[in-house]
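Here is the structure we will look at.
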Amino acid sequence: MRLLWGLAWVFSFCASSLQKPRLLLFSPSVVNLGTPLSVGVQLLDAPPGQEVKGSVFLRNPKGGSCSPKKDFKLSSGDDFVLLSLEVPLEDVRSCGLFDLRRAPYIQLVAQSPWLRNTAFKATETQGVNLLYSSRRGHIFVQTDQPIYNPGQRVRYRVFALDQKMRPSTDFLTITVENSHGLRVLKKEIFTSTSILQDTFTIPDISEPGTWKISARFSDGLESNRSTHFEVKKYVLPNFEVKITPWKPYILMVPSNSDEIQLDIQARYIYGKPVQGVAYTRFALMDEQGKRTFLRGLETQAKLVEGRTHISISKDQFQAALDKINIGVRDLEGLRLYAATAVIESPGGEMEEAELTSWRFVSSAFSLDLSRTKRHLVPGAHFLLQALVREISGSEASNVIVKVSPTLVSGSDSQVLNVQQSTNRIGQVSISFPIPPTVTGLRLLVSAGSLYPMIARLTVQSPPSRGTGFLSIEPLDPRSPRVGDTFILNLQAVGIPAPTFSHYYYMIISRGQIMAMSREARRTVTSVSVLVDHQLAPSFYFVAYFYHQGHPVANSLLINIQPRDCEGKLQLKVVGAKEYHNGDMMKLRIQTDSKALVALGAVDTALYAVGGWSHKPLDMSKVFEVINSYNVGCGPGGGDDAPQVFQDAGLAFSDGDRLTQTREDLSCPKEKKSRQKRNVNFLKALSEKLGQYSSPDAKRCCQDGMTKLPMKRTCEQRAARVPQQACREPFLSCCKFAEDLRRNQTRSQAPLARKVRDMVNLIEEDDILVRTSFPENWLWRVEPVDSSKLLTVRLPDSMTTWEIHGVSLSKSKGLCVAKPTRVRVFRKFHLHLRLPISVRRFEQLELRPVLYNYLNDDKNVSVHVTPVEGLCMAGGGMMAQWVIVPAGSALPVAFSVVPTASTNVPLKLVAKGTLDSSDSVSKILQIEKEGAIHREEIVYNLDPLNNLGQMLEIPGSSDPNIVPEGDFSTFVKVTASEPLETLGSEEALSPGGVASLLRLPGCAEQTMIYLAPTLTASNYLDRTKQWSKLSPETKDHAVHLIQKGHVRIQQFRKKDGSFGAWLHRDSSTWLTAFVLKILSLAQEQVGNSPEKLQETASWLLAQQLGDGSFHDPCPVIHRAMQGGLVGSNETVALTAFVVIALHHGLNVFREGHAKQLKNRVEASITKANSFLGQKASAGLLGAHAAAITAYALTLTKASEDLRNVAHNSLMAMAEETGENLYWGLVLGSQDKVVLRPADPRSPTEPVPQAPALWIETTAYALLHLLLREGKGKMADKAASWLTHQGNFHGAFRSTQDTVVTLDALSAYWIASHTTEEKALKVTLSSMGRNGLKTHVLHLNNHQVKGLEEELKFSLGSTISVKVEGNSKGTLKILRTYNVLDMKNTTCQDLQIEVKVTDAVEYAWSAYEDYEDDYNMPATDDPSVPLQPVTPLQLFEGRRSRRRREAPKVAEERESRVHYTVCIWRNGKLGLSGMAIADITLLSGFHALRADLEKLTSLSDRYVSHFETDGPHVLLYFDSVPTTRECVGFGASQEVVVGLVQPASAVLYDYYSPDHKCSVFYAAPTKSQLLATLCSGDVCQCAEGKCPRLLRSLERRVEDKDGYRMRFACYYHQVEYGFTVKVLREDGRAAFRFFESKITQVLHFRTDTMASIGQTRNFLSRTSCRLRLEPNKEYLIMGMDGETSDNKGDPQYLLDSNTWIEEMPSEQMCKSTRHRAACFQLKDFLMEFSSRGCQV
């Protein structure tokens, strides 16, 4: 009996303990700092009438409160409450959270005396650990277009919102990463309107790839959001090609007999169909994107209404597979690749498209069961939720889904069969009952009937533990919409006699508990949830109860059907559905609240060139960001209550149980089984590529197969491959491909052209001229209150614009409008292409294409509007009448000849009726004949020196000057060297810094964007002179520094080092240079110190045991590392690195950086010891001595070391008067530079020293300033450096400019004074119009007018008078075009450029290098053409870029091949980088694919290339001693005749004056030299040409004295000679006739003219005039402005020149010529003796 009573007592005690009072604590498992945290507190099983008081708060696990306390009061009747806590950002540091980075947890604590007194706790606190995150709010980033060219400006917006999606004003941190993932820009900006707008420029040297703009709240590291955009070179297409397969998949089941079918569509961007031919090819593509060509499937087809259809039968496809030994079963996982090139018939333009998503599959569908719960409730219904998509990714509607569940109950099982069709969005929800005894469920699900997709899923019942289960069943299994009431039924299952009275539930969305409530228990309890915007896009419904002291819980994830935003934003174009270019468009913006609306319009043509991969911001992206705050994992449910809470994103504690502490923000990934694929197909994909297994070997093989744009044997190519492992596959595959393409040929067919006649016209003034063609516009933010009507002018592009809008409202948050499209189109319009540039008197053929989409044929008049400087038919007013058939296009040809020396606006007009007129205006870029020559001279102005108060500057008399050119002398005078150099646009503006150095560049030269501006900013900061400049100057300077920083990051490697090119290994010297400059720029660019610390760490790893530094890959120009070889080179490099590390010390801060700082300081000390030893040995050259002395002084090395280095340096100084410099010393590498002669008097120009001398003296000046301050020696060194600057303030190259500006800035800061000094300079020159005088009043503090730039005649002597008490500088810049290059030094460097016709080159190469689409475009594409060979079609995409295909048949003749050869004199010690700058023949552009082959393959021939207008720049690591040639193709899109020779220059990168310049011409007998003009166009072009008179032959008598009237009245000639022509010579675009004077009739300036002397007479090659040798002529005209190499005048023969062939003695003896001969002799006698009596 006692035993029974005892057992009863124990049982009652346990029961009471299970039902003991509890405090339940709920919250999201993640705390976002600075944002509210919802906390649910519930009192459970408390006796009636009992009241519990307490508080909740957040604290550091180590102690210390992190949030204010929130009180609560609970009772049995009011037993739960939802509170809000927050960790203020300002308290994060004080509560010690930042010290817990490795364990980022915070504790949620409930505190109440009740816990200890009544709940039997040891303490009065109960808590749970939460993960904390600095993420808060929402950020969205938007760019103005999805794709950019390198060099383009990117406009972007950042929208900042708080946790509730409302506008937030805060500091934002913006970062930009390039395609290599390296950060190139970082800035912090405060946004006051929640919409930040800013811009940055992509460096022009950027490699193709995906860039990223990221934004975050500055105090929230994890709030980062980003957007991506593409960077690549592209041209906006005129039309778009689309490939649409009939099915988005290809079934690879053996029984499938369907044909493979696809449609090709080509439409102009404005929506109209394209006429032309489509060429299509196919390949198999694996997961890595590698393609294997399917021979025999290539097709060509005519487009009908812009469409064509391609069908491949099963047998055709199988035959293609058989050729490469591939079976149908091997196709799984592969894709069928299709590429189409369309050539339009009217204009011959080509566009391409490719299809890469066409998969081989075993089923047409994919099946997603991720929304199906993994736990079932025995005795309740189970809900299977599936999403069925087509292989393309779109929802599959009305697809039968069959479910065969196997119910497992112990060892028994039962199979059911259920089926249902998917709804319109591909969803299906199937519910079926589960018997109470079932413990598991095996699901077999199939989608589709014929070839179904099958998925399997196993579902288990959670262990009951005797507490039963909770079933949650939605009344309607479909996803609700915002505004719906969603009903869920709750039922306790497996509990015989429930002991609880209520179900409790929570709604969790966006990482917060949105609601907490309870519902009284009934047999079936229904809960209604009103779905509002705050629950979108998904929420968890979590319900629970306690039974016998144990929690029972379940949850369900409910996805809300996508809908528009909380507010309203609609964009609607009012009025016409279609607009004309230039029309005023009305855009209606409608909102439902006061909002800011950010707009933007994008040309949809950008999507055609790859922009679709980066879609614009839309609501799906917005919901994706919102949903990212949902910290729940899975579809709901769990093994037990804590797991249910945890998977729903909750942290939970009831005193006895708690959820596991969350480790990170992400969910654990579900393991997926992956079927093994048959790997045998890899060998079968390609007989050749399959021989190589490693990716590197495969790449080498592919490189070998790729054709070069020049002739090289495979053995020659392989010899250039540096890696031995790469050489064998490269050679083998090269020979393999060479055999395949050996005998390929092509045919061509002419393009027929039509011209027709006549109609009634409208006035030309009524035709809108199209001139504006942006890629995006309407980038603006508009305040809108409910509605606003914007009226904007549409750009001139004929395209479809997509208008985007994003609104931000304080009451409704962010909303993204559905884009609206506006088609801008003229049913009749013209399209015109112009060449990059042409030269004067070259003949240009314009070929505008007229497009007529009207229903009627149109009679149209087409003409070019008259403009001065352009010869056209009828002076431009003669029109061509054509009939453009309805629905077609017609090209029209015009010949024009530019005669102006400046750019000409060219306006083309098509005049018809009101609906058939159009006009386009473009600028024709005109280049002058010959090549540009620059000459710079510097004079020192010192009025205090009596000998220097007067000086004369002689004019230039270069015999090579092009006549009638713009040749002038520019004079710049300044009295303020510091402000002129460092306060001018040259140092503080983008255009100015570009003018400092006119060189293009690699990584080192890129630093010129940073260094001068940094130096200038430092000078103006230190001397407080920003106020003397315009207010925006400092902003410009900061922008320029940031731009330079972005640019240099393109060369950064992942380890922090830098190389001259991305493909080149890192350089110690260059990395040190960048470290130094970026350390100084830290404040302006906001660069991460960690990045610079990586750079410094890399440098430390390059230090050797003796303290010196070595360079694993020296910069290309070795001389710039110290000017000397051997030990001097090592010394200079070590000193350079020491200087860089010293400047980098300021970026080493707390933590790890302190250790790195100690390492850097130790490294500097070690290096200084090495430098001191070398300086003590006394064997250093001047440059190494100077940089060593500066490094030791800068780093404050021991005094002994500094003194030794100083004495060694001063022993090498050269002192001349007021100047001190360091020049050539024994051991210098630069033996070709001679010492400049000291000026004999102050009136002579300052001798210009080489770059190395300037850099050496600059380092010496920096050393002297640190050692002695502003002393005499520093004054003299600064004086010498000051007068070495060029016209724009720079010096010879990058390094000497950077170091010298640094040195002079330091000197000018030390010598800055407020004392004002004045300088008066008087310049006078005698010109054609008499004496020209300028008086300049300057002072040393002038800003506006700190310098005067004047223009004088090139040949005039300039007299200069100097007065005042201030020194100054006078700089001369002469620029003019020269006829030939005979005056340039080509003894050391040599360059040769040869241009050959493409056909000639192809035959000589024994193969057709114009592979792929070089096919004729005809008016009737159905005319049989020679088919394209498989290899040619397949190689097409690799060998050509967009718009590099021939446009019409005859343009094949306008394709040429360039061969560029370079070499140097073997005795020349030049080992540095050189640049070949080739100016292309007019109208040509280089084929970019050819240039890329020279730089990107394993056998690299060129380090880098750039194209700039008509220029192609090729970078060579070095110039070989033997002749080395590279080649590339060029295409002339616009026909040009009488093409003039162009120039090419090879120059040393660091000494640009060390160069070789040559001219080259078009191929002889080429159509490029043919005459295109006819009739009056030729007459106009020759209007300035001289005419040869043969008066005697035409029996014209001089009765009225027309010779005398011409000489004295019409023109009043300035010279008159009879001459005998000796020889003819061609130079550039001129013919030279060297002639001997036989009689002097008259002269004005040619005072030395006498009988027997020779003179040169010049005529343009475009003129027909030919003077025959050994014949005598009478020539009279105007004086020339040029002289020959003897200083004698040269005369240009033009329309104002009298040229008459003198009759022979025999002719004058004849009777019929006797009178005329006497008249001629009388004129010669009278004019020579009396001249003009006027």
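Every residue gets a Cβ built from N, Cα and C, even glycine.
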*If you pull up Swiss-Prot, which of Cys1580, Cys1585, Cys1732 shows a disulphide to Cys1663?*
Cys1585
*Taking Cys726 as one end of a disulfide recorded in Swiss-Prot, give the other end from among Cys667, Cys700, Cys701.*
Cys700
*Counting only other Cβ atoms and using a 10 Å cut-off, which of the disulfide-bonded residues Cys633, Cys700, Cys1585, Cys1663 scores lowest?*
Cys633
*Looking only at the domain 'Anaphylatoxin-like' (700-734), report the model's average pLDDT.*
84
*Which of the three DSSP states, helix, strand or coil, fits Asn859 (N-linked glycosylation site)?*
strand
*Could you give the Cα-Cα distance between Cys733 (disulfide bond) and Cys700 (disulfide bond), in whole Å?*
8
*Per DSSP, to which secondary structure element type does Cys734 (disulfide bond) belong, with helix, strand and coil as the options?*
helix
*Which of the recorded positions Cys66, Asn224, Asn859, Asn1128, Cys1732 has its Cα closest in space to the Cα of Cys714 (disulfide bond)?*
Asn1128
*Would you kindly give the Cα-Cα distance separating Cys1608 (disulfide bond) and Cys1717 (disulfide bond), rounded to the nearest Å?*
21
*What does DSSP call Cys1608 (disulfide bond) in the simple three-state scheme?*
helix
*Inter-residue Cα distance where the pair is Cys1525 (disulfide bond) and Cys701 (disulfide bond), in Å*: 24
*Given the disulfide-bonded residues Cys633, Cys667, Cys1525, which one's Cα is the least distant from that of Asn224 (N-linked glycosylation site)?*
Cys667
*What is the number of other Cβ atoms found within 10 Å of the Cβ of Cys734 (disulfide bond)?*
26
*List, in sequence order, the same-chain residues at least six positions removed whose CB sits under 8 Å from that of Cys726 (disulfide bond)?*
Asp696, Ala697, Cys700, Ser1498
*List the Cα distance (Å, whole number) between Cys1608 (disulfide bond) and Cys633 (disulfide bond).*
101
*asked:* Using a 10 Å cut-off on CB atoms, tell me which of the glycosylation sites Asn224, Asn859, Asn1128 is the least crowded.
replied: Asn224
